[in-house]
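Asks: Relevant sequence annotations retrieved from TrEMBL are reproduced here:
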- LYS49: active site, proton acceptor (ACT_SITE)
- TYR281: active site, proton acceptor (ACT_SITE)
- ARG147, MET329: substrate binding site (BINDING)
- 392-403: compositional bias 'Gly residues' (COMPBIAS)
- 260-387: domain 'Alanine racemase C-terminal' (DOMAIN)
- LYS49: N6-(pyridoxal phosphate)lysine (MOD_RES)
- 383-423: region 'Disordered' (REGION)
Amino acid sequence: MDATTADTTAARSATPSRAWAEIDLAALRGNVRALRERAAGAALMAVVKADAYGHGLLPCARAARQAGADWLGTATPEEALALRAAGVGGPVLCWLWTPGGPWREAIEADVDVSVSGMWALREVTDAARAAGRPARVQLKSDTGLGRNGCQPADWPELTAAARAAETEGLIRVTGLWSHFACADEPGHPSVAAQLTAFHEALATAEAAGLRPEVRHMANSPATLTLPEAYFDLVRTGVAMYGISPVPQVGGPADFGLRPVMTLAAHLAHVKRVPGGHGVSYGHSYVTPGETTLALVPLGYADGIPRHASGAGPVLVAGKLRTVAGRVAMDQFVVDLGGDSARVGERAVLFGTGEHGEPTAEDWARAAGTIAYEIVTRIGARVPRLYRDDPEGAGGPGGGGGPEGRSDEPVAGTAYPHPEQGRR
Ligand SMILES: *Cc1c(COP(=O)(O)O)cnc(C)c1O
């Protein structure tokens, strides 16, 4: 048995029997490079909050760094500290703080913290005093999103107090930043208004004596559509995972991006049933005639939206099918009509779309939501398999070629990541 055979055997035996999400780290790296090229004058922050939008925090953070991401961004401090605990270095910003948060741990871990108000500035300066070293602080301005961030009326007080704390040696103001409300609707009047407000906020901060390392505002949609918003840094999340945040403008391929997650399962049951047979809870679907039903062992506990009942698309036995009846907690059914499939055959819920399978965007449309939510909700019960082909070809032993129609579990180079146990 040569090495390739051994690897393939290992990959197969490691493939979960029920369902899995394959995460293509080479695609993620390609996306990071494409985004860096697009915003060439700016640094890039890879946003890895929410377990990297469901793709897995550490493997994605490391792959993003390998591809040149200058910064990593998280929502919660716990997410940022998890990066540090795993040995991930380099600049990291976390922005969603609450009173009593782990300010001192963040300071000691060299994590940048975001401050939107005086209460947070007080807590972080207290923590810096206790730690005996300055905190790296980024001040967030609310330029119109109306969520986190400091209102323009309170900004002069916050920036002046931050400057005073800087002079005292308690903090270093490393960044000034804001976030868009409607960057995914290019031309929305709030976009230009927020840019103007941000320029004003920067001028006020600079007049207070602040000289940050980075000023930033752009999320994925602004990075793809609004160069005026680049400033020193762009913060890309969903685009890095190969999903277009502006599907009405273009799909991933139009922006040089490739979806990273493929969600698949093995059919748990296939059977003939007579016409007039109710399917799943509530019998919202009744077979129109004698037919073959296939059972997909994924449900809303795995993050499959119940709102996609009767609507979600699935590739089974070489054709696109639709969820028949309700999505249950652990399973749903598809009607194969006159076709058949083998029990254990692969069903693909979404992937790149390159092999006839649906995309996360298709599921978003079916469920009345956005593709961000589709991938991020995929639950912890679904193991992630990390595929990490060498750049370029399909990779040695990768089986090559399109695999979407194959019923092999996961071809070739997919393997469980060393961090699999975390999930
Ligand atoms: C989630 C988030 C981002 C990334 O948004 P995408 O649209 O996924 O690129 C950027 N900045 C902040 C503050 C965020 O919360």
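Placed from the backbone N, Cα and C atoms, the Cβ positions cover glycine too.
Just so you know, TrEMBL annotations never went through curation; they're auto-generated.
If you look at the structure here, what lies around each of the features I listed?
Replies: With a cut-off of 8 Å between CB atoms and residues at least 6 apart in sequence, the same chain places GLY73, THR74, ALA75, THR76, GLU79, GLY237 near LYS49 (active site, proton acceptor), listed in sequence order.
Long-range Cβ contacts of TYR281 (active site, proton acceptor) within its own chain (separation 6+, distance under 8 Å): GLY325, ARG326, ALA328.
Cβ neighbour count for ARG147 (substrate binding site) (all protein chains, 10 Å cutoff from its Cβ): 10.
Under DSSP, LYS49 (active site, proton acceptor) is assigned to a helix (H, G or I) in the three-state scheme.
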Asks: Hey, what's the Cβ neighbour count for MET329 (substrate binding site) at 10 Å?
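Replies: Summing over all protein chains shown, MET329 (substrate binding site) has 12 other Cβ atoms within 10 Å.
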